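Single-structure report; data block below.
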Ligand SMILES: NC(=O)c1ccc[n+]([C@@H]2O[C@H](COP(=O)([O-])OP(=O)(O)OC[C@H]3O[C@@H](n4cnc5c(N)ncnc54)[C@H](O)[C@@H]3O)[C@@H](O)[C@H]2O)c1
Ligand SMILES: N[C@@H](CCO)C(=O)O
Ligand code: NA
């Protein structure tokens, strides 16, 4: 009789690294759902140890499991699976490589590590036949990586675009709702606990860039690291940008965009994180506050949207537990989950070559010939104008221009040159535009 039916299956022993916001919830879910998890996996899951930095900190977890010896725990013969919820590159990278090399499957929520060292980790997993799962690393609770790695493995994904950082989405949603500037909205977000004490990784786009690298690697079967991602944060988004977006029936979101680009018959990928105006009717426009949502386009499946909680202890622990069940099931049947799929080895397109569209708002002198001077600069850079609107009949007029797609480098040069025209008093807002009108 198979072991899982006899009720005598060998327990799956789990080492937990880190017991902070996510780790505490992992322990709670593992404990509360122990019986059901045993049924789902075909073997009990037991905690073998919890690696922490300080033993005497107050925590709602079994004290006898705590250890400060993470290095010893990850290679212990008593451990089958390592769950890592510490974060950062070192010493986590070394511990996870050691765990994988010694045949332990790894579940991690660590986007920074995956976005830099996925190749090494997958290589170590291959060497021993272990599993590497990381659903919680991108868009928290939302099932997104498993759909990309498994459900859509028979299709050809062409584009992944989404809101993958809750902190910045909370700030931009609040700026849109109140009309307030970036600085005061960030202060409010920190006061309410929506932004971390050091919000740099979020507001400067590092967190979203790591997630974009992971998404692009999985979607396009290639290797993209965080360093390959063009990254702009939200610190430069002004109240004027938000007002300009509203005037066009749009809203501003920090987007992670991963796409296939074919030029002169050669395929490459473009991966970028930057604020952009999207139509208020776009499904991503109604994703507000700390929520995440990701749009995926594939040749056969068409368009799909994944929406839900991208952060928080319990939501993130849900994704970790889902991965833990998957790797534990694989252990029970001596099977393996998907390995790294990077066979396509596509080059990464520089941002300057990537086709984008711009919105530009200008304060100009309202006199004959101004529009033609501005239009001439666009023509000079081979940038085609999609729409122009002029408002105001006093000395100062406002000129709002939306372009068709052109290379980002041509659009940048156009904006620089326009800013230098004597008839242009001020470049009020420049922002990329995404989504159909
Ligand atoms: N919190 C979220 O909403 C969220 C969402 C998605 C992914 N993640 C990821 O999950 C991971 C954990 O996030 P968190 O929010 O729980 O962070 P946290 O700071 O609350 O917890 C991390 C814990 O690791 C401990 N730690 C640090 N160095 C250690 C060491 N050398 N040995 C043992 N323990 C050590 C810290 O003391 C802390 O308790 C990170 O990779 C994060 O990016 C978090
Ligand atoms: N700091 C991240 C947490 C989830 O990775 C966010 O704001 O979305
Ligand atoms: Na996820």
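Cβ atoms are placed via backbone N, Cα and C, with glycine included.
The active site, proton donor annotation in TrEMBL covers 211. Positions annotated as NADP(+) binding site by TrEMBL: 17, 18, 19, 20, 21, 22, 23, 24. The NADPH binding site annotation in TrEMBL covers 111. Summarising the annotation, TrEMBL assigns L-homoserine binding site to 196. Taken from TrEMBL, the feature domain 'ACT' covers 359-432.
Residue counts for the domain 'ACT' (359-432) under DSSP, split into helix (H, G, I), strand (E, B) and coil, are 23 helix, 33 strand, 18 coil. The two recorded residues, residue 21 (NADP(+) binding site) and residue 111 (NADPH binding site), have Cα atoms 16 Å apart.
Excluding 17, 18, 19, 20, 21, 22, 23, 24, which define the NADP(+) site, the same chain contributes 16, 25, 26, 85, 86 within 8 Å (Cβ to the Cβ centroid), listed in sequence order. Cβ packing within 10 Å was compared across the recorded positions 111, 211, and the lowest neighbour count falls to 111. With a cut-off of under 6 Å between the Cβ and any atom of ligand 1, the binding-site residues 18, 20, 21, 22, 24, 196 reduce to 18, 20, 21, 22. Its own atom aside, the Cβ of residue 24 (NADP(+) binding site) has 20 Cβ atoms within 10 angstroms in the protein chains shown.
Remark: residue 22 (NADP(+) binding site) has 85, 109, 136, 313, 316, 317, 320 as non-local neighbours, by Cβ distance under 8 Å and separation of at least 6 in sequence. A distance of 15 Å separates the Cα atom of residue 17 (NADP(+) binding site) from that of the residue listed as 'NADPH binding site'.
When the alpha carbons of residue 18 (NADP(+) binding site) and the residue listed as 'active site, proton donor' are compared, the span between them is 21 angstrom. Taking the C-alpha positions, the distance from residue 19 (NADP(+) binding site) to residue 111 (NADPH binding site) comes to 17 Å.
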